[in-house]
Amino acid sequence: MESSFSFGVILAVLTVLIIAVNVLVVVAMLLSIYKNDGVGLCFTLNLAVADTLIGVAISGLVTDQLSSSVQHTQKTMCSLRMAFVTSSAAASVLTVMLIAFDRYLAIKQPLRYFQIMNGLVAGACIAGLWLLSYLIGFLPLGVTIFQQTTYHGPCSFFAVFHPRFVLTLSCAGFFPAVLLFVFFYCDMLKIASVHSQQIRKMEHAGAMAGAYRPPRPVNDFKAVRTVSILIGSFTLSWSPFLITGIVQVVCQKCCLYQVLEKYLWLLGVGNSLLNPLIYAYWQREVRQQLYHMALGVKKGFTSILLLLLARNGNPERPRESSYHIVTISNPELDG
């Protein structure tokens, strides 16, 4: 019971952090899209929304873990809850793949990028992504071999889903996604290096002729860096859980459920906290918007504080300061 309570406390803290940080990024991305109208920002917004839904989904598990009652969540409700968690996690992973493909397309086809990736295509990609995510998440509810035959609370992933489901996700989704990530990363790095060499030659030729020196392809390398960090975060967060789940399927006598549910599943869910932190630090649009939001909050807080001080203090001081401001702005001082 003490172990379950400790796990519930950790899960509660993680839930609050995931929801709070991702909601902050969602607001920042909405303001950035309103100002800049960028298609790529819509994918980042979708990632923050998916990670927020993961936090909302696992919040229902906190009550079950912290409850001292003997009666836990029913199996049907637990299955629906874990299906929603899996769907949101699948949407997060698929959005990371979509962001990687978007950056790859922007580097591979820079002149045709805005013709290919317009608002309609981006909306269709996001809609198809969520449809596929919910098909993946609710698959165990329609396939009996992916369900556990017996159910013993509290509600958890392997309390209702069989490790065969993890094996299927790993072979059909995780490992192909990692290979696709590696392909995108290597090809983007190759293209960025070629662009850098071409611009160095142009700079050298321009310097010899005294012409204009073009800027270096910094954006290419920034895109490669952001994608590589996302790939590394995704792989390190989910691969221990999925690989250990495969081991549990192969080794029926091994009892790895405690490690899978208490530690490795929590590590995978923690990826939803890393994603907004990565974008808040590495993506300029998100960083600038968060900075402007912080300035707005600071100005609002300062205005409220000054208003409270003016009500509780001497009401003559504001008049005196405004009088001095009027006096100083008098045109006679110009002489």
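For all residues, glycine too, the Cβ spot is worked out from N, Cα and C.
Lifted from TrEMBL, the feature list:
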type	residues	note
TRANSMEM	6-31	transmembrane segment
DOMAIN	21-279	domain 'G-protein coupled receptors family 1 profile'
TRANSMEM	38-62	transmembrane segment
TRANSMEM	82-101	transmembrane segment
TRANSMEM	121-145	transmembrane segment
TRANSMEM	165-186	transmembrane segment
TRANSMEM	223-243	transmembrane segment
TRANSMEM	263-282	transmembrane segment
Of 38-62, 223-243, 263-282, whichever stretch has the most CB pairs under 8 A to the transmembrane segment (165-186): 223-243
Other parts of the chain folded back onto the transmembrane segment (223-243), taken as Cβ under 8 Å at six or more residues beyond its ends: 93, 96, 99-100, 103-104, 106-107, 166, 169-170, 174, 178, 181-182, 184-185, 188-189, 192, 260, 264-265, 267-268, 270-271, 274-275, 278-279, 282-283
Beyond the flanks of the transmembrane segment (263-282) by at least 6 residues, Cβ under 8 Å: 7, 10-11, 14, 17-18, 21-22, 24-25, 44, 47-48, 50-51, 54-55, 58, 85, 89, 92, 96, 156-157, 222, 225-226, 229-230, 233-234, 237-238, 240-241, 244, 290
Per-residue pLDDT averaged over the domain 'G-protein coupled receptors family 1 profile' (21-279), given as an integer: 82
Long-range environment of the transmembrane segment (38-62) - Cβ separation under 8 angstroms, sequence gap at least 6: 8, 11-12, 14-16, 18-19, 22-23, 25-26, 29-30, 32, 81, 84-85, 88-89, 91-92, 95-96, 98-99, 102-103, 106, 114, 117-119, 122-123, 126, 129, 133, 154-156, 269, 272-273, 275-276, 279, 283, 285-286
